[in-house]
Amino acid sequence: MTSPLLVELSRLQFALTAMYHFLFVPLTLGLSIMLAMMETVYVMTGRTIWRDMVKFWGVLFGINFALGVATGITMEFQFGMNWAYYSHYVGDVFGAPLAIEGLMAFFLEATFVGLFFFGWEKLSARAHLVVTWLVALGTNFSALWILIANGWMQNPIGSAFNPDTMRMEVTDFMAVIFNPVAQAKFVHTVSAGYVCGAVFVLGVSAYYMLRGRHIELAKRSFVIASAFGIASSLSVIVLGDESGYAITDNQKMKLAAMEAMWETEPAPASFTAFGIPSMSDRTTHFAVHIPWVMGLIGTRSIDKEIPGIFELVQKAEGRIRDGLTAYDALEKLKVNHGDAAARASFDATSKDLGYALLLKRYIDDPRQATDDQIKQAAWSTVPEVPAIFFTFRIMVLCAFLLLAVFAISLWHTMRETPAPRWLFRIALIAMPLPWLAAELGWFVSEFGRQPWIIEGMLPTFLATSELGIPDLLITILGFTLVYGVLAVIEVKLMLQAIAKGPAVGANITPPIGEGTKIHLAAAQ
Amino acid sequence: MIDFLFNYETLRIIWWVLLGVLLMGFAVTDGFDMGVGALLPFVAKTDIERRVAINTVGPVWEGNQVWFILGGGAIFAAWPALYALSFSGFYLAMFLVLFALILRPVGFKYRSKRESPRWRSNWDWALFIGGAVPALIFGVAVGNALRGVPFHFSTDLRPFYEGTLFGLLNPVALYCGLVSLTMLVMHGAAWLAFKAEGPVADRARVIGGKVALATAVLFAGGGVLVWLGLLGGYEVTSAIVWDGPSNPLGKTVIANSSAWLRNFRATPALCLVPALGIVAPLVAAAGFRARREGITFLASKLGVLCIIATVGLAMFPIILPSSSNPGHSLAVFDASSSRATLRNMLIATVIFLPLILAYTAWVYSVLWGKVSETSVRGAGSSAY
């Protein structure tokens, strides 16, 4: 069996590289759309201030984009590097959306992003606008396919285990694409990206307003950001991810963990506003309940029940026992592919095969497991409740704070009198919030899925590559160093570009530093 | 027609071809900007010269690199066992490639953000590493694939790689790394000669002439190594079931040092491909001297295509042989994804690949024309 340390290190590495990658992705998602909107205004009105805005925010977009791309390369390859068994086990289903992301989205985005930066003098205004929209479209399509892949990990529909090839294979690709969990996650995630873009533009504009610099640009940017931000944050909250949580047992388990809901309550369930959940006592101390709210959010109804953790664990125990039949049949099929009885028995129980694999943490051959081990395995389907409970609450709190910031900003931009300075200070302070919320959101989603890497199908601890501990230590150390250095450089360049500000009024912005001569004629 | 196209055997062979197409697409597009990176310290001495070299690829390298990303995704989707095995097996080598490739986007983007010579020279090194290291390692990986790699599968099809990083650095594989490095440097030089003006293009012509010659000689030398049986070879000895389940445990394979010549002996017309792999770089070498940049670049492109295709043709139907358990080798007929996935992916490719080629061509046409010191100076923020 794979050593537990190797599994933990592989998870740590994935968490580090994925969460780092997602510092840049949401800003790319949000800013690309905002750039396209600003440029649309420029092309429609012909006012050059809007083009200057596109160019200025484009510089910041570019600094961020480079790291998004750089860290995305790691993402595409580390499934194979660190998660070889996972890659074999689900590549048939999971690989396709990743490949289509490349074909349909990333090619579009990456091919046109060069023209976005280099094409100002080579393209007509309209053609450049089309290029900008194609970049924005590419980034958003990209998110769609990545979330289809991730959604399938949360709700693996349209697929089945094939005993001849010992892996999951696709049975209904349309079901994989139109997976309701994936669709909910897509809307939720891109909206969160738009919020990041809006907060970024709002915050930097507020900084200029406070300093009294670049007012024309900052004013317009502030208005666009507050309008875009309020729409996006409403979308994040109202079309929240929770719509996808009522679908499968594990999604239900995640929901129960987010709410620290141990017992099933009669519908509609109450919402635990605060409490201290305890894994060892299997209860939530000092819980403050708000009646009805949870049932409404979780099921969008007043009569559907949300199962509690105890009920779900009991169900998991039943599925483990059924899974053992599947496991036994599979072992027989391995020896004799033609064993018709074993195949029939496997087909009847294969959906629970993954549950039997949970026992591999305790015993090599799950069929030899004791009753206690089965109970233990059933309880292992409960994620770390307190961590999920609190991170979820902080994320939601961030979302509502941001909604308030955008609402106040928009209200002030619509008034005749100038906005107060405290508003700008708040906008500046609010800048880290959407990133905090986005990272916590991924934490809830992925940590809350544990112990599964593919929910109900493959436990995380079985999914790694057979690597040595030193291999992992070298790459974790390496990524930390490289990513750390790049983070420092990125932030410095961002601050430098913000301090320098836009080149308002110039037809062509000087390349770097002041005093560079501009050769208009040579630009052709 | 559709029935034929969508039967499992045809799909597997199509995806074997597409695997090659992606690798070749990567090598002929991203290959030249990696070549430019590797050449940067040698063709450009001053800052403005370096900016000329960098700006020949500045607006296009990002799109080019997607061939690599797509290659990874497509291998994952169409050849999951290959993806799982090679990336985890070549673990630290892959990490080095990632490390080098991470430096590229930031190198291109961040270099021009400050004027300090130290800042710029650091990023020049980053671009150099980002070009030279992957070019070398990809060749080393191909060399190891030709020799066979020690791995086996458990009955659950869990892959186990038995070698070490240093095992990958054997002389034969390093030789292949050298072939791939010179090949991509030739391609980068051909691009610079074609796209740049002034001293950068002049130096690229001189270096290009030499490395193109070296590419032809080294590739021909590789052929001699195969002839002498030093590069190994494997052949499938059990009956091949082309539409069987993708389970690599059901066949027998033996090591046979003349096996990589088998396909060429069986179908002599295939020898045209390696022959062009030698002739095209020679044409490029002559083109560099004759200052025929268009022909040079096309010849270089053809050379790259044929050199990569030669490897695929030599190994078919094997994709990645196991030296320790030859029977577990990955082959076209037992390492693919399911018929449904191959079909779905083919439909997606047929829709999107022509679109990609069309808009990429449009972007290149917009950017048509030479990059010179004056154009870089004059382009303001529209240049790196």
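Including glycine, each Cβ sits where the backbone N, Cα and C put it.
Annotated features in TrEMBL:
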| type | residues | note |
| --- | --- | --- |
| TRANSMEM | A:20-44 | transmembrane segment |
| TRANSMEM | A:56-74 | transmembrane segment |
| TRANSMEM | A:94-118 | transmembrane segment |
| TRANSMEM | A:130-153 | transmembrane segment |
| TRANSMEM | A:191-210 | transmembrane segment |
| TRANSMEM | A:222-240 | transmembrane segment |
| TRANSMEM | A:387-410 | transmembrane segment |
| TRANSMEM | A:422-444 | transmembrane segment |
| TRANSMEM | A:467-489 | transmembrane segment |
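Against the transmembrane segment (A:130-153), the recorded stretches A:20-44, A:56-74, A:222-240, A:387-410, A:467-489 differ in Cβ pairs under 8 Å, and the greatest number is found for A:20-44. For the transmembrane segment (A:422-444), the list of distant contacts is 18-19, 22-23, 26, 188-189, 192-193, 195-196, 199-200, 202-203, 205-207, 209-210, 222, 241, 254, 258, 387-388, 391-392, 394-395, 398-399, 401-402, 405, 408-409, 412: same-chain residues at least six beyond its ends, Cβ to Cβ under 8 Å.
Using a cut-off of 8 Å between Cβ atoms, the transmembrane segment (A:191-210) and the transmembrane segment (A:467-489) share fewer than three residue pairs, counting only pairs 6 or more apart in sequence. Against the transmembrane segment (A:20-44), the recorded stretches A:94-118, A:222-240, A:467-489 differ in Cβ pairs under 8 Å, and the greatest number is found for A:222-240. Packing against the transmembrane segment (A:222-240) from elsewhere in the chain are residues 30, 33-34, 37-38, 184, 187-188, 191-192, 194-195, 197-199, 201-202, 205-206, 209, 297, 399-400, 402-403, 405-407, 409-410, 413, 419, 427: each is 6 or more residues past its ends and has a CB under 8 Å from a CB in it. Same-chain neighbours of the transmembrane segment (A:467-489): 3, 5-6, 9-10, 12-13, 16-17, 20, 67, 70-71, 74, 81-82, counting only residues six or more beyond its ends whose CB sits under 8 Å from a CB of the stretch.
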